[in-house]
């Protein structure tokens, strides 16, 4: 078997692919030196493998048992000698091939990356150039320089008159038509300008004008509110001064000597209605002033100051302004998120049974 070269490959193929029993398991199975588990596995393998079953039948003959060990040793040596180990040069060649492949892949990667960066930079530069604002100021400034040059050229003849003083007049008329040629230059310069850039510049200018107009409007509104508050305060102060003067006059009137008792009695009886009217009018005006001032603070968003004014009005005033102050207090509390206080104030307004009762009910139902 060892000398026949055509059969060597067949033997190698058979014993390299088949995972059969080892050379020690068959004799041990025949001698009964296997465990129960090993015996079960060997019997299961023998039912599936015809080669091992034939070998077992051959070993059952006594004449083949002696040759079995010799043949197995020779076969093992043959397999070891036939399989050549991988040479060191092949390992080195395989390693170098892998390293070269890695280097090539890195080179390809960096080449692709640089190409992508170049293309991206080109697109970015084109977009930057496309979105640049047009040189409107520069092109507009060029005709001005030309006109200044023309005026500078036209002025020297005026300084040195030749025959008459009327000679500069036709030159001035000549300088006037010199300026129109600047318009075609501007038109020619404006032709390549991108429409998107012009729209963008126009939108920016419109936004700037709108922001300036809004700021001016806000300043005007603030000034109007301030003037209104100042006028209200001034009117209240004037009324308070008038009331104080009237009180002082009333207090000073009885201090005069009683020369004419009848006239004094009439004079003292006469101003009493005016005094009552002034006394009755002064709290109404002060309540109205406090209510308007609190409303101004509420409209401006200063809820804490408005709440203080409404509380002061509620404590000092009487009548409809108490109801209005409580209703506005409830609205301020609702705006600040204090729903419990707002509900309580709305209920108090409903209990007062005044003109704001329906509005308070609707507000309380909507909460």
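Every residue, even glycine, has its Cβ placed from backbone N, Cα and C.
TrEMBL annotations: computationally assigned, not manually curated.
Record features, source TrEMBL:
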type	residues	note
COMPBIAS	156-177	compositional bias 'Low complexity'
COMPBIAS	227-259	compositional bias 'Basic and acidic residues'
COMPBIAS	266-278	compositional bias 'Basic and acidic residues'
DOMAIN	23-52	domain 'Putative zinc-finger'
REGION	149-181	region 'Disordered'
REGION	227-281	region 'Disordered'
TRANSMEM	105-125	transmembrane segment
Considering every residue in the domain 'Putative zinc-finger' (23-52), what is the mean pLDDT value?
85
Summarise the domain 'Putative zinc-finger' (23-52) as counts of helix, strand and coil residues per DSSP.
23 helix, 0 strand, 7 coil
